[in-house]
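A short worksheet on the structure shown next.
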Amino acid sequence: MSYSFLQRLGWCNAFLQQLSFDELCSDSTVGHLARVTAVHRNRVEAIGVEGERSIVVPAPFQPVSQHLAVGDWVLAEDASEHYRLRRILEPKNRIRRINHGLPQVIAANVDYLWIVTSANEEFNVKRLQRYLALAHEFAIVPVVILTKIDLCADLDDYLARVHAVGADHVHALSVHVPATLGVLQNYLAEGTTIALVGSSGVGKSTLVNAMFAMTLPTREIRTHDARGKHTTTHRELFFTDGGVAIVDTPGMRELQLYDGEQGIERTFSSIVELARSCRYGDCSHENEPGCAIRQAIADGAIAQAHFDNYRKLAREEASQQRRSLGAHAVKEHTRAYFKKIHSHNKLKY
Ligand SMILES: Nc1nc2c(ncn2[C@@H]2O[C@H](COP(=O)(O)OP(=O)(O)OP(=O)(O)O)[C@@H](O)[C@H]2O)c(=O)[nH]1
Ligand SMILES: [Zn+2]
């Protein structure tokens with residue numbers, strides 16, 4: 001068995017380069033590399049050249065959910081009667097969120113974020129923007145998938161609204177019209193990892209089952225937390241016959257903006273760019289003279305709703321950070337951020 005086998009599981013050169021010379025020379029290394037498929041309190045399930053295995057996670061990597069997630073690549077070692085985690089390879093990216101005030105990793109090494117939304121009353125531009133912001137934040141390519149077009153009479157209208165938020169990859173389809181699914185094959189090269197997000201009922205599972213002719217196994221593991229409250233965890237990574245890894249977890253469903261500043265800037269790049277032309281570096285775009293944003297809204301160059309959405313997301317992100325970092329840190333962070341923009345303005349004029 002060799003490293004080429006691992007490519008089916010998403011292995012690539014970026015990981016190979018992280019191995020030391022000794023590790024590369026050792027015969028046992030390839031058998032000790034594995035990709036995490038499920039995360040538990042003290043151990044992870046992972047798949048490697050020898051199939052599925054359980055790997056015990058020692059103290060330095062506890063709590064597990066803050067250090068690694070499904071999709072991570074790990075190097076294990078032999079311990080008396082089991083495998084033990086030795087190190088986590090630096091991932092291409094990580095999807096994170098705040099859970100009960102603590103950072104939590106939801107998935108790692110994800111190539112595409114399939115943002116699934118249906119062409120009906122569920123469709124919500126703000127939710128879409130939030131997901132796009134997340135994808136940009138985590139350096140994952142977003143793919144917007146508009147489902148249930150067989151039930152929709154005004155598809156062009158929905159498509160126009162999707163394109164208006166600046167999404168590059170947009171596909172409209174219906175599981176009842178098989179020809180519409182073909183375009184998604186472009187994302188299914190062997191070794192690709194895909195995560196799906198979207199509201200309940202938009203058709204994520206139906207789509208996955210139709211694409212891969214598989215039935216998602218039951219993923220619910222019912223447990224009780226410290227207070228006896230019922231909680232459901234089912235963090236999983238599935239591999240299709242074609243070597244595509246699919247992440248579809250409750251954590252993905254509960255994603256919130258986390259450290260989202262950069263993502264917001266990308267999603268709203270035109271607004272961020274315009275703000276640099278405001279007369280004052282710390283312009284609040286309320287009533288200062290020389291505000292480029294209010295001018296652009298007045299001219300019809302940007303929609304008031306688009307700007308309102310930007311502000312809403314920016315505010316949510318700030319309060320999220322306040323909760324996670326503490327008020328003082330946010331103040332410092334905000335100060336530094338405005339300083340950065342201000343010095344940029346100074347350079348410009
Ligand atoms: N007409 C039509 N119905 C669809 C389509 N895709 C999914 N559905 C239906 O929509 C309903 C919800 O689909 P699911 O796949 O369960 O939705 P989901 O996003 O996985 O929902 P959660 O598992 O709750 O997150 C099911 O009754 C599907 O049959 C489609 O393209 N057209
Ligand atoms: Zn302004």
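Sequential numbering from 1, following the chain as shown.
Cβ atoms here come from the backbone N, Cα and C positions, even for glycine.
The domain 'CP-type G' annotation in TrEMBL covers 92-255. Look at TrEMBL and you will find 108-253 tagged as domain 'EngC GTPase'. What TrEMBL lists as GTP binding site is T147, K148, I149, D150, G198, S199, S200, G201, V202, G203, K204, S205, T206. The feature Zn(2+) binding site is assigned by TrEMBL to C278, C283, H285, C291.
Where TrEMBL records a feature, it is marked here on the structure.
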residue	record	Cβ neighbours (10 Å)
T147	GTP binding site	26
I149	GTP binding site	20
G198	GTP binding site	23
S200	GTP binding site	7
V202	GTP binding site	23
K204	GTP binding site	22
T206	GTP binding site	16
C278	Zn(2+) binding site	21
C283	Zn(2+) binding site	22
C291	Zn(2+) binding site	21
Q) Taking only the binding-site residues G198, S200, V202, which have a CB closer than 6 angstroms to any atom that belongs to ligand 2? A) none
**Q.** Cβ neighbour count within 10 Å of H285 (Zn(2+) binding site)
**A.** 19
Q. CA-CA, which of the binding-site residues C278, C283, H285, C291 lies nearest K204 (GTP binding site)?
A. H285
Q. Once the DSSP letters are reduced so that anything not helix or strand counts as coil, what is T206 (GTP binding site)?
A. helix
Q) How many Å lie between the Cα of G198 (GTP binding site) and the Cα of C283 (Zn(2+) binding site)? A) 35
Q. Nearest to T206 (GTP binding site) in three-dimensional space, by Cα, is which of the binding-site residues C278, C283, H285, C291?
A. H285
**Q.** V202 (GTP binding site) versus binding-site residues C278, C283, H285, C291 - nearest by Cα
**A.** H285
Q) Of the binding-site residues C278, H285, C291, which sits closest to T147 (GTP binding site) by Cα distance? A) H285
Q. Cα of S200 (GTP binding site) to Cα of C278 (Zn(2+) binding site): how many Å, rounded?
A. 41
